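Heads up, the thing below is written out as structure tokens.
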Amino acid sequence: MYKILSSFVAGVAIGSGLVITYVLYNVPEPPELDLQRWWGIGTRPTEEDKSIRPFSIDFNDTVILDLKERLKNRRPFTKPLEGINSEYGMNTEYLETVLEYWLNEYNFKKRAELLNKFPHYKTRIQGLDLHFIRVKPEIKEGVQVLPLLMMHGWPSSSKEFDKVIPILTTPKHEYNIVFEVVAVDLPGYGFSEGTNKPGLNPVQIGVMMRNLMLRLGFEKFYIQAGDWGSQCATHMATLFPDQVLGLHTNMPLSSRPLSTVKLFIGALFPSLIVDAKYMDRIYPLKNLFSYILRETGYFHIQATKPDTIGVALTDSPAGLAGYLIEKMAICSNRDQLDTPHGGLENLNLDDVLDTVTINWINNCIVTSTRLYAEGFSWPEVLIVHRIPSMVPTAGINFKYEVLYQPDWILRDKFPNLVRSTVLDFGGHFAALHTPQALADDIFASAVQFLKFHDRKRNQKSS
């Protein structure tokens, strides 16, 4: 009997081990996707409009007047508790100063002029009008021009890149490369149209972005992205490795099951997972989970009931400002909760109010927050997360990025991680906060991408 029981236990152990190994290391087949799926109103027309139309940003007088009237007529806010700064969320006394600035000092017309300093366009992709900026560099002899698609996250738009675009499109004496930049508003964000159909998740947005680049004549291209843009970009690199030549992300993350196991192994043996210098960005896990629990309330609302929170934010510019500004502040420096500004003073106030204004005038807060619900409710997203991307990838981790993963975890998703940078400054909105550091890393990473492809060609020819 003992031998039978021992054999049974051994069999269960072996079987369990095989199942666990399969779950951790199995690479599923890519999902079958309709690469021309229609996201516009109604059904696909016989002939689709493929024109590329110049576009100009306009904060018109009627919209500005309505906004200012709403701000003037706002109800008094409840004051913060005694001794509380930003620990409970947006400090309403500080918010009052921001709203007064927005009402009386923010120059709507001048800000629109600044936003229009780049060439803006719209084109219809799979039924939705997508807005994008396209900036061509000065071409000098001996300098290679690399097409670069840039994608933002929530609650941003292509405006987030207005400080980094001039750096990327200007040749640098230490490099023989420069970028032609296409900075796009994700569907439902900024000046891009949102869909009226469910299912427009990061995988499907990746398909749309690939089709946008094809529309613009780029068969192959590079990508830079953060936040939701990074998720979409990672899926593009996974699904279209022959078209994406390199991926640079300021929010590199692996969601493969093995990565989760490694995270928990690190709780017992942290030195196996992460360099001692950066250990406090992950461990102890109780601190990480406490931070996640504290700061992701908005995430849970938007991933479950985006339309409900959208009702409040659509009708009140003061409410919209408080909601967006609090998240932009904490994601710029989460160590400043004990200040009235909560981290906001790491960013230029006009830049922050540009984002709030763009969300307000386009009434896009609902369509943008719906991405949180779509991003976690479709099997195809989970499938693509589990497939390694073979595209050469570079990651940069700023100090106050929302989540940090060391290279040993990142390589689960990105086996060809050709460059990894960890900085002791900066935050989630890197292009606004630290544009020079971001641009420098993009240039350096592009060199590594080119070397990767050179090695690959040499291996094929030998």
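Using the three backbone atoms N, Cα and C, a Cβ is placed for every residue, glycine included.
Sequence annotations record features per position, and here Swiss-Prot assigns transmembrane segment to 4-24 based on sequence analysis. Per Swiss-Prot, the feature active site, nucleophile maps to ASP227; the stated evidence is similarity to another entry. According to Swiss-Prot, the feature active site, proton donor maps to TYR372, an assignment based on similarity to another entry. Annotated active site, proton acceptor per Swiss-Prot: HIS428, in sequence order, evidence recorded as similarity to another entry.
In the three-state DSSP reading, HIS428 (active site, proton acceptor) counts as coil. Here the active-site residues are ASP227, TYR372, HIS428; the one with the fewest Cβ atoms within 10 Å of its Cβ is TYR372.
When the alpha carbons of the residue listed as 'active site, proton acceptor' and the residue listed as 'active site, proton donor' are compared, the span between them is 17 angstrom.
Cα of TYR372 (active site, proton donor) to Cα of the residue listed as 'active site, nucleophile': a span of 11 Å.
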